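J.: Take a look at this one; I'll ask things after.
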Amino acid sequence: MASVPHTEIKRICCIGAGYVGGPTCSVIALKCPHIIVTIVDLNPARIAAWNSEDFALPIYEPGLEDVVRQTRGRNLFFSTEVDKAVQEADLIFVSVNTPTKTSGVGAGYAADLNYVESATRHIAQVATSSKIVVEKSTVPCRTASSMRTILESNSRPGCHFDILSNPEFLAEGTAIADLYNPDRVLIGALDTPEGAAACAALSSVYANWVPKERILNVGLWSSELSKLAANALLAQRISSINALSAICETTGADVREVAHAVGLDSRIGSKFLRASVGFGGSCFQKDILNLVYLSESLHLPEVAKYWRSVVDMNEWQKLRFAKTVVDNLFGTITNKRIAVLGFAFKADTGDTRESPAITLVKSFVAERAKVAVYDPQVSHDQIWMDMQSACSTPKQELSKQLTLHTDAQSTFAGASAIVVVTEWAEFASPNFDWEGAFAAMTKPAFVFDGRGIVNGARLREIGFKVVTIGRGENL
């Protein structure tokens, strides 16, 4: 069946109002005022938050509220009316969740494509005209082929669907800046005239603000794999510097100096060479495990083992840091109060998925410590949900050891140690009341810096015992 040529995109629908679809399509609406953008989701509470009068958005991302304020009600709309938005759209982004499977074949490794398939089938069911369908979710290689088969098998007479892959390369905390000025926009298409026309149509949307040389048109399968590859390589760098941080601590070297020295090598570069308690977030671990599963499926066990080691190193780093806390507190933290600063997986986001804080708090609870947690953006409901799941313990029982706080200072009363888990600017600020913290704590008072952000020299002058990841300062 011949495709209708794609010349101009006037209406865009995004299925999924999460961390990718919400910010991405909000910025498209801002940069393309001539395009009507509708973001739909089946979760009415989430859509209500996007439409809230006080702009209490369901996602915290610096700059996002300003974008939504400028566009909502003008050419940006949030709705639960999926059918209407799909029928009206020229182009549809599929930006639904693709979590790691928890059961069945590939459990613990493969991506669960249930939401992708459900969205694709729904598009085929309700669409009454030809569409460009854009795979925005992070998916395994050749998912687009499955989507295409579903669409073609279930479409109405006269409806044609062109499939594109347009993976996101956003970093939470800087997503809006990344969208304003992306390193590249990758669009994958089939090597057919119809694929080229669809690719040109989506390229024309981004060309409203992205320089044309940064809009890369590649094959469909290369685009899908490039997303997994990018996250795997970035995570690999983090695990590599974290492995070196352990050597630094035992030899007296400073991981900051090592990272700076190797980062000056133009072949290596300085990005993602900052040692920490470990990486988290929705992408890195999930995408690496997806790559592991793909490698095993292709009968490449050595490749699978290689990428699996990146995740293993990350988990080891978290547990190593937790053990460091226990070892320095004289081998036990039973009934000792531990103040945990930060629960989000990184600063400038409220996202807790795979956060190192979950592993640390779980470990401290298992050691029978009294844990006090503060994070400036993560809701208490989210923390309780994460910890109940991690500890397999009901809230009533967990609350005997875990307390949540609305300010940092209230976590310090009677604490034996402060553990800095998230690199919020508040904790690194010279105005942070470390003197007040020291006065409120039992002695000796410890600070364990899992992000390398505190001024260790100043804290030692106050009287703290300071342990910073990647620095052999106690030798």
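Numbering starts at 1 and runs along the chain as displayed.
Note that Cβ sites are derived from N, Cα and C of the backbone, with glycine treated the same way.
Automated prediction, rather than curation, is the source of TrEMBL annotations.
Found this in TrEMBL, in case it helps:
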| type | residues | note |
| --- | --- | --- |
| ACT_SITE | CYS283 | active site, nucleophile |
| BINDING | 16-21, ASP41, ARG46, 96-100, 137-138, GLU172, 283-286, ARG353 | NAD(+) binding site |
| DOMAIN | 339-456 | domain 'UDP-glucose/GDP-mannose dehydrogenase C-terminal' |
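Mind mapping these onto the model and telling me what they sit next to?
T.: The local packing around CYS283 (active site, nucleophile), expressed as other Cβ atoms within 10 Å of its Cβ over all shown chains, amounts to 27.
With a cut-off of 8 Å between CB atoms and residues at least 6 apart in sequence, the same chain places ILE39, ASP41, PHE93, VAL94, SER95, VAL96, ASN97, TYR115, ALA119, LYS136, SER137 near GLY16 (NAD(+) binding site), listed in sequence order.
Broken down by DSSP into helix, strand and coil, the domain 'UDP-glucose/GDP-mannose dehydrogenase C-terminal' (339-456) contains 42 helix, 22 strand, 54 coil.
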J.: What is the interatomic distance between the Cα atoms of THR100 (NAD(+) binding site) and CYS283 (active site, nucleophile), given in whole Å?
T.: 10
J.: Which one of the binding-site residues (ASN97, THR100, GLN285) has its C-beta surrounded by the most other C-beta atoms within 10 angstroms?
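T.: Highest number of other Cβ atoms within 10 Å: GLN285.
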J.: Averaging the per-residue pLDDT over the domain 'UDP-glucose/GDP-mannose dehydrogenase C-terminal' (339-456), what integer do you get?
T.: 97
J.: Using Cα coordinates, what distance in whole Å links TYR19 (NAD(+) binding site) and CYS283 (active site, nucleophile)?
T.: 11
J.: Restricting to the chain of GLU172 (NAD(+) binding site) and a gap of 6 or more, list residues whose Cβ falls under 8 Å of its Cβ, or answer none.
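T.: For GLU172 (NAD(+) binding site), the qualifying residues are TYR19, GLU61, GLY281, SER282, PHE345, LYS346, ASP348, THR349, ASP351.
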